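Working notes for the structure below.
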């Protein structure tokens, strides 16, 4: 038995309505100049630009101290200076073409140029202009001194120091990237990497300053240790070694004048504070992990004591422990989800449910049509009529003779369905409709669609063979949602009639 008649009856309507919708949408977008060449703040293109900006900021952090203190003037290739300046100039343009989230409704993005410019002017516009203009002047004038009409700053070292202002922007850029990361492991690793990078950068800057002091005077540590004839990079490595030893260890380089002694004192104080901050951060992470493990260990201790006192057999003990662990993981995840979802606004919560749950409709022809033609109805359906069930292996979904008030979509795991008379069974899925006595229901397939369209009682038994997740579409809430969308209700009534005729004409049908 097939749904071809019902599907052909509805296809012409969907195609006509879809063509009108696409024509209307295209016409509206053609005249929407506000969004032309604009970036959505959450788009992958904008993310790629943010990642690229991190590389340029890190380049400035690493290379500028070397230029200011270690390397000779114009050591950096001219092309790299042009490339970095060009990138930050383009960053101003990209920022002015990136939409901003609405202040009250986070679902809306404001692409108006005046709004973007006003917000940018209150944050980084002035700082970017102050940094970019001298950078272009340095590029065009080749490091020569600026004339009196332009200013009194020297091109070169003094102007390049302004680029270090972007270090402040690095924290904002990293925060934008971290928002997109959902893995707790990746976030913890990222926190550790940030701490290590901070230690490396601080040591790098101290090393550059230490090398500048040592080579500036004839009585500095460079001449005292006979390093004048060595290469610049060897001298920098020696200076970096000295900076690292201020945190831990010692070496043969010592301050030789008052300026070097003052810098050494400051370096020791920074090392002391840096070590304390680093150790405390790592300790805090470990305490959080240990507190979670402590609660779990106490629960495991109580469970093992109970099983030992009652002389429970090994086989049953293993089954109980396995189930408890599975239940613990599901419960912990659901408690976290409940706390998280309580703080979300209703519109954001509906969008979240829609994006997560609507994927299960893709394999069903009729529901996938509804998703394309009535997206607002499906959005309300996912939020108000669909619920998530986490089940363990062996859990019963329904039994023969139960009143069927739900439709089930398999999201994760595998289920087993069986009827008393295998020859009358027909399981409907996205791949096949073959009569079988015992059927394995996999991800992307469904059960009990008949319960949505007419009174139905389950004719078989369904249970989970593995741990999994099922989305349950509830009949009563399904009807309530449809009652608010007249056009979709008419289509569903037509489909229900075709479905009822199909069931009536079938030789035998199952859940």
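Each Cβ is built from the backbone N, Cα and C atoms, and glycine gets one as well.
Caution: TrEMBL annotation is automatic and unverified by curators.
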Which listed span TrEMBL calls transmembrane segment, if the choices are 27-46, 47-66, 107-126: 47-66
Annotated stretch (transmembrane segment, per TrEMBL) among the listed ranges 172-191, 192-211, 212-231, 232-251: 192-211
Matching range for TrEMBL feature annotation, transmembrane segment, among 130-151, 262-283: 262-283
Same-chain residues near the transmembrane segment (262-283), Cβ under 8 Å, at least 6 residues beyond its ends: 191-192, 195, 198-199, 202, 206, 209-210, 213, 243, 246-248, 255
